[in-house]
Amino acid sequence: MKFNDELILLLKARYPIIYINTIEEDRVEYIIRKHIKANLNRSIYSWDFVDGYTNNPNNEGFAKRNPLQALELIERLTSETPALFLLKDFNRFLTDISISRKLKNVSRILKLQPKTIIIIGSDFQIPKELQDLITVLQFNLPVENEITQELTRLVNSLNLTIDPSLFESLTRACQGLSLERIRRVLSKIIATHKTIDENSISILLSEKKQIISQTEILEYWSVNEKMGNIGGVDNLKDWLKKRKTSFTIQASNYGLPTPRGLLLIGIQGTGKSLTAKAIATEWQLPLLKLDVGRLFGGIVGESESRLRQMIDVAETLSPCILWIDEMDKAFSNNDSRGDSGTSNRVLATFISWLSEKTKPVFVVATANNVDLLPLEIIRKGRFDEIFFLDLPELEERKEIFKIHIQEFRPNSWKLFDYKKLAQLSESFSGAEIRQSIIEAMYQAFDQQREFTTDDICLALKQLIPLAQLENSQTLKLQSWASSGRIRLASSKRISIN
């Protein structure tokens with residue numbers, strides 16, 4: 001249901017208090033004044049802490065710096081006066097005992113009258129005692145058709161001519177920005193360059209990165225990793241290849257559902273994070289990384305608010321890749337943060353969104369320890385598929401050595417003995433293989449010569465792989481994966497030593 005329709009429905013049903021969660025205060029007020037007033041013919045009273053009531057000559061400036069007095073005016077107005085009361089940032093006062101008590105008293109009156117309080121704010125926290133009284137509406141960032149309308153208006157007002165393909169690219173680049181931000185950035189572009197062209201897209205993307213960083217929990221990653229940079233995992237590569245065009249119109253017309261995502265479980269250093277980056281590159285989609293530590297940081301109630309903000313931004317930027325690294329630490333069964341209630345609520349919200357989402361946000365989650373993952377996460381249907389990434393076998397290690405040495409020495413990579421290197425690197429992960437090459441390079445650089453196979457062999461003998469240091473955990477994970485509960489990323493058999 002569209003926001004306008006849902007809000008009108010709540011107003012007709014005489015819901016007493018509605019909270020609109022948004023960062024676009026002006027856009028919400030514009031919609032209310034244009035659409036809601038036309039449909040319901042209600043007087044609109046607008047209040048904020050600094051200016052008090054505005055837009056109504058009889059009460060101009062009333063209740064300045066006094067939120068309790070703002071509620072008293074609502075009580076005093078005659079019952080025959082159909083009205084909407086827009087209380088901006090009023091959510092900041094809800095924890096005050098006098099405000100919460102007054103809201104409870106006022107809500108009983110509002111149920112019998114054509115009056116409604118609409119709280120507009122961006123900090124979504126409602127005290128428990130008011131949750132039954134307040135109905136929450138999420139006002140999302142502008143969608144594609146709204147952005148298209150705004151860009152068309154701007155282009156026409158400036159008498160500009162823009163190629164259709166550039167216009168489409170501009171529309172995509174604006175996704176995830178508020179209308180106010182879009183207007184501001186485009187005004188800056190026109191003031192600087194006197195036109196809108198291909199260079200405008202990079203400026204918009206830079207603005208988008210700044211916006212995403214301001215969420216505090218999402219990071220926009222610029223990536224150039226490719227599937228060819230990952231050795232082995234042929235089953236996983238084949239699965240991803242078949243879904244490369246899953247977000248296209250052709251796939252939708254064919255009847256294919258939008259893919260939900262992928263959970264990668266495995267030993268550290270086996271390429272789980274690298275896979276997330278490679279998917280974004282191969283599918284040519286933006287990559288957003290969730291900062292799990294900040295998700296659960298801050299004061300009580302912020303985690304749920306931040307998760308909803310993350311979902312809103314990701315869906316607005318869709319199609320995109322949402323990368324959740326080390327999910328086992330985020331939603332651990334052995335939660336050490338001391339607030340299992342918060343963790344459970346965040347987990348429930350995330351799982352609900354993952355199961356029901358319709359926007360093309362492809363989630364790539366990684367985990368090292370399956371024992372820490374709640375059963376709700378690994379249950380069938382949450383993700384499209386769950387893959388296990390094991391330590392590379394002999395042939396896969398040869399491939400990994402070739403990939404990394406070719407990166408460092410594109411002209412002389414054929415001079416190395418890959419069979420010997422693969423034989424000496426049993427139990428090494430892909431990340432540890434790369435590290436052995438770097439160690440060999442440091443050794444040779446110190447002696448002012450080129451590094452060789454022997455240098456890498458020496459580095460391998462000096463490095464102790466994590467799989468040996470944590471042998472019992474590695475064997476346990478391999479045993480779990482070999483039991484058939486999970487799909488193997490590689491067609492090579494798991495060998496449990």
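FYI, residue positions are counted from 1 along the chain as it appears here.
Each residue, glycine too, has its Cβ placed from N, Cα and C.
Lifted from Swiss-Prot, the feature list:
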type: BINDING; residues: GLY266, ILE267, GLN268, GLY269, THR270, GLY271, LYS272, SER273; note: ATP binding site
Densest Cβ environment (other Cβ within 10 Å) across the binding-site residues THR270, SER273 belongs to THR270
Counting across all protein chains, other CB atoms within 10 angstroms of the CB of GLY266 (ATP binding site) number 25
Using all protein chains in view, find how many other C-beta atoms are within 10 Å of the C-beta of ILE267 (ATP binding site).
-> 25
Taking the centroid of the Cβ atoms of GLY266, ILE267, GLN268, GLY269, THR270, GLY271, LYS272, SER273 as the ATP site, which other residues of that chain lie with their Cβ within 8 Å of it, listed in sequence order?
-> LEU264, THR366, ASN368, LEU389, SER429, GLY430, ALA431
Provide the number of Cβ atoms within 10 Å of the Cβ of GLY269 (ATP binding site), excluding the reference atom itself.
-> 22
Taking all protein chains shown into account, the Cβ-based neighbour count within 10 Å for LYS272 (ATP binding site) is 27
Which same-chain residues, if any, lie at least 6 apart from GLN268 (ATP binding site) yet have Cβ under 8 Å of it | ASN368, SER429, ALA431, LEU466
For GLY271 (ATP binding site), just count the other CB atoms lying within 10 A of its CB, please.
-> 25
